[in-house]
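Student: Below are the features listed in TrEMBL for this protein:
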- A:42-60: transmembrane segment (TRANSMEM)
- A:80-108: transmembrane segment (TRANSMEM)
- A:129-162: transmembrane segment (TRANSMEM)
- A:182-204: transmembrane segment (TRANSMEM)
- A:211-230: transmembrane segment (TRANSMEM)
- A:261-281: transmembrane segment (TRANSMEM)
Amino acid sequence: MSAADTVSTVDGGADWAPRRRVGTRFLRSEMGLIARRRRNQAALAVLAAIPIIIAIVIAATRPAPGSGPPLFAAMLDNGLITVLAGLSIELGLFLPLAVSVLAGDAIAGEANTGTLRYLLTVPAGRVRLLAVKFGGVVVATFVTVGVVALTGGIMGIALFGTGDMVTLSGTTLPFGEALGRVALAVVYIVLCLVAVAAIGLFVSTLTEQPIGAAVAMLMFIILSQILGAFSDLDWLHPFLITNYWSAWGDLLRDPPAYDQMLLGLLSAGAWTAFGLSAAWARLTTKDITS
Amino acid sequence: MKNTATLRRWAVPAAIGAAVISVGVGATLVQAGDGESLPPKTAAQLLTDVQNARIDGLSGTVVTRASLGLPAGLTDGGGAQMSSLLSGSKTMRVWYGGPERIRGAILGTLGESDFIRNGADVWTWSSEENTATHTTLPADYADTAMWPPKAIAGEPITPDEAAESVLAAISGTTEVATDGTAEVAGRPAYELVLKPKDPASTIGEIRLAVDGETSLPLRTQIFGKGQTDAAFEIAFARVIFETPPDEHFTFTPPQGVEMTEMGEQDWNSGTKDEGQPKDDGTKTEGLEVIGEGWTAVVEFTSADIGKILSGEPVEGVEGENAPDVSALVESLPQVSGTWGSGRVFTSALVNALITDDGRILVGAVTTDKLVEVAGR
């Protein structure tokens, strides 16, 4: 270990705390905190209501095939499409918003209420704190997307049944295979949102205002979507965090196309690595005063 | 000291960001750079090989890029329709299982247009319109290969003769050369360059990247004169030379789909969906090709053209399908010749002359040439 490293250890705070048994108590407590907050419960209820509303409106209006947004008319034949229609609508704004708020709150929320330094006086290193905060947001993201998918699935199957699913290529899939494809799409969407959680966590270490962190993160996502709409900027598109979010649609082709989704996983992995390492660099070097 | 420590930590995310960007940019650089070293070939050899390329089967992804400089109103960006190929970048999936089994799919976001040929059955499918068509090829056509096209394959002669005859046929008008190698879809390829000799052509050059192993053209780029970026490019992004399974060539229209049976006779009279502008019908009658080769100009004459230009309703083109182009036409620069006056529409590759007496002349030629042809 070089001299500079030694200095950084002393200077950088308590991240070299004595090695302890890594338990799940800290993470469980964090998840409990997230789950018990009224605002989070209310947000989850609203997000879960959206696929239900979509399903009811489609069942009532029965749009002609080929009209309206893609997927909406296809829902009439197969309830599982409701899951995808709901998620694709919410992926535009609601889901990134929810993840941004949770991630923005993670560090800045503690700093804002003055509890961050107390958390660090407990012999919990900054790295461990960051890991637990990130783990909490990731689990919450999984739960949120899962709940939206589940309510959409239950409502869709109740209203539209489990008929064959028509792929974008014009072939039909039996229910079992359709279920597998939808499950893959759900997992893919979660992984895309994990990247939002990582970048959001980094933004959260920059400020003591949780709302500021969440708004900044959301603006970043909307900016990505706007830049993604300009075809003249196509050289930039692969680097945008939102670029591959709609690639799950390739699962609805026959045979499914995985190229874009694999790139999407690489992109999400890169953004996650960047966000987490930047959050680590920031949190372990900043002066915690509140 | 603290600054050094802080900087070291920040170096980690910075390194990750730099690595990702350089990998991303590097991927495009590799595509533009040289492929692996291939044994040198002359232009004639390459032409021979392209003609004799016999592919048993392949599946892959094809990307088209167009920057023709067309006005935004003329093209539509998002969908999976055929017309969308005119602007921006589009992705297609292709499957080829021998001359009688072909499938292509234009991909849109949550949309797809398919073309499937399996023996005598030809299907088209559009997920956005939720429509399908079925055409039965006449018995004589059922066994006819669609690739290679007759115009390229010609009569079976020895490969060398074929290359010589092609070279002879085009050498009067075209400069043919090779230009090293390139890498397309991860495969090393030869570059074959065709340049028109006629100065009236707007085409600078056409570059073909010919696969080193199978001699299939993997990429075709069309450059406007003096341009460094291709005005139009079609290239494999990924290709596997294996015969795809039969299931990729079967199509059964799903329930609830608007199905149009085209029958046998309709094969030659266009396969347009209802509601589309009937441009085939109106144009083929008054269509004339003037000149040949690189500087061929197509002239459309129809009473409808005058009506469309002035914004009057035309039979068969109604409602929102009727393009309102009168304002666009009026914004175009005016030209005149011995034959009268008109307006020219220019793009990176193709120019058009719209005359006041209701003719449209289109060609990959300079506007001066169009004006000259119009007064012929």
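Every residue, even glycine, has its Cβ placed from backbone N, Cα and C.
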Student: Given the cut-off of 8 Å on Cβ pairs that are 6 or more apart in sequence, determine whether the transmembrane segment (A:211-230) and the transmembrane segment (A:42-60) share at least 3 such pairs.
Tutor: no
Student: Against the transmembrane segment (A:129-162), which of these stretches has the most C-beta pairs under 8 Å: A:42-60, A:80-108, A:182-204, A:261-281?
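Tutor: Highest pair count goes to A:80-108.
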Student: State the residues, same chain only, that lie 6 or more residues beyond the ends of the transmembrane segment (A:182-204) and have a CB under 8 A from a CB inside it; answer 'none' if no residue qualifies.
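Tutor: Apart from its flanks, the transmembrane segment (A:182-204) reaches 80, 83-84, 87, 91, 95-96, 99-100, 102-109, 130, 133-134, 137-138, 141-142, 145-146, 149, 153, 210, 213-214, 216-217, 220-221, 241, 244-245, 247-248, 251, 261, 264-265, 267-269, 271-276, 278-279, 282.
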Student: Using Cβ atoms and a strict cutoff of less than 8 Å, what residues sit near the transmembrane segment (A:42-60) while being 6 or more residues removed from its termini?
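Tutor: 72-73, 75-76, 79, 82-83, 85-87, 89-90, 94-95, 98, 101, 143-144, 147-148, 151-152, 155-156, 159-160.
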